[in-house]
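**Q** Here's the feature list from TrEMBL:
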COMPBIAS  117-136  compositional bias 'Polar residues'
DOMAIN    4-101  domain 'PH'
REGION    104-136  region 'Disordered'
REGION    637-658  region 'Disordered'
């Protein structure tokens, strides 16, 4: 190939916590399939300081920044490298991936399928450690050759016939039985003493044996597809060969690997049967429902997520889950265990970002474009702290398609920051009457109302739309978010793809903004949340913009949750405000006039949202939809919560399958597709525009 040339050059290599990053001279040897490095270019003629076999390796660009990437060899060794810029990283990554693919395929062609061989699980390993020891000298080639028998040169590998596939399936069934026996043997060990069922090596053995069986099932599926293609001459149209979802359900290992037998349909709780029997969403009314804020009551739910017990007790499930994942793997279709869930839907989590409505409403009260941009940045940075429930990184429920969440906030007008000279009566009298919908003769309420609605508009990919408005202040925000999650080793990264739009109709201004990435760190011990990435806020009309950096913690030293940013006037390139601090603690704002303002997020008052009681909510509103899962989690009954969760997910899959068979498109309720985004069906800017048009016609 034209791209199989040898390349070389300097890269930074992460060595250890003490030494940190060091420049090393790297050489990609395409012919040998090796990545070698030397102390410097002058020592290139000497023995390499390190060598990685690239056959079977995984090359992964890092989400931390645009310069870093990792090379994960099949032997388990890893190089963490950093290029000088994004272009150089792409050059190295693409060449490494081409070389890796070439040598991996070469090994696959040179090794025929496995032959049957019997072995005893009890005879493997030593008495001192049940874990399998990897030999230091084991390279990628020997790793791929384990258990393979070479045929004499020149002999062709026979095509597998159907009866051979039956034999393979039988052998795999026997292996699955042995794997189950292994799990039971480990779990029968005492919980204390010299060798216990919680021994880390044994837990890892359970996890890797489970992953091995899942991998074998995937390979068997590929063999079946290959046989079908040989029978028909080619693969059926639309067929893809890819890694499938785990064949062995995580639910069967929730109690340290013990199998669960759920009761038959007739014995299931009524709530589960109800979840499975709710009518097709498209058979329900898809007409938008106008929620009256007067029907909503102040929320008294206060589910903090500080329970460490479940994480510690379910360590074997976490190990099993990790063993199935690969670096960079998309987690959208991976079923996660129930005990790591928060007691709320992702749609409600978006609503909790609005828990400071006083700061939201105060944006439009700024007397100048500069002040309004700074106020928006202040509101934006204070929203993430309340959006997280507790310090533990738990995951909200994945909304099912068609799920909605409604709420509102009432904010006393006296609590909203104003400025001398700011005009609260910017509307004409007729606009005030039309927009607030107050009855003639009624006194105007002494509070502002902020209404919120969210809807899951797509399942694959998972996209949520949400919208909030304050009619009295003629301001609204519309956003759509696609959550893309990836496995990053000992952490999980979630990229929030999408865009938000804040409209200040009083001033004719629109502010576009993006969202940072989120990371769940230390997922094997006590998981915690970190935000990272650069976000931008921009107002085209005024020429003001903001650039905000959420900094992830470096490998050595540094602070957690650090954020920095600046607001500038684009025309003059003048910085008018700088911000620094922690997004979950204290923020420091420094203005161009030299003044400094500190915001302690832990002391900011939180306005409780208002929601309709469960009995008044529709069947697809978040809290009613997930109520049985939430109640079971509150009671600590993980098994029951899993059963309810599975019922909801199974119903969603059945509905999706039926729509595909009948070629029935999904109809959203509150949001409409516009280009690449989703927009609320009746945004405030349309309402205000209609009112102004009506007034013009009347005059």
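Placed from the backbone N, Cα and C atoms, the Cβ positions cover glycine too.
Automatic prediction, not curation, is the source of TrEMBL annotations.
Situate these features within the shown structure.
**A** Counting residues of the domain 'PH' (4-101) by DSSP class, helix then strand then coil, yields 19 helix, 40 strand, 39 coil.
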**Q** Taking all residues of the domain 'PH' (4-101) together, what is their mean pLDDT?
**A** 87
**Q** Reported in the order helix, strand, coil, what are the DSSP residue counts of the region 'Disordered' (637-658)?
**A** 21 helix, 0 strand, 1 coil
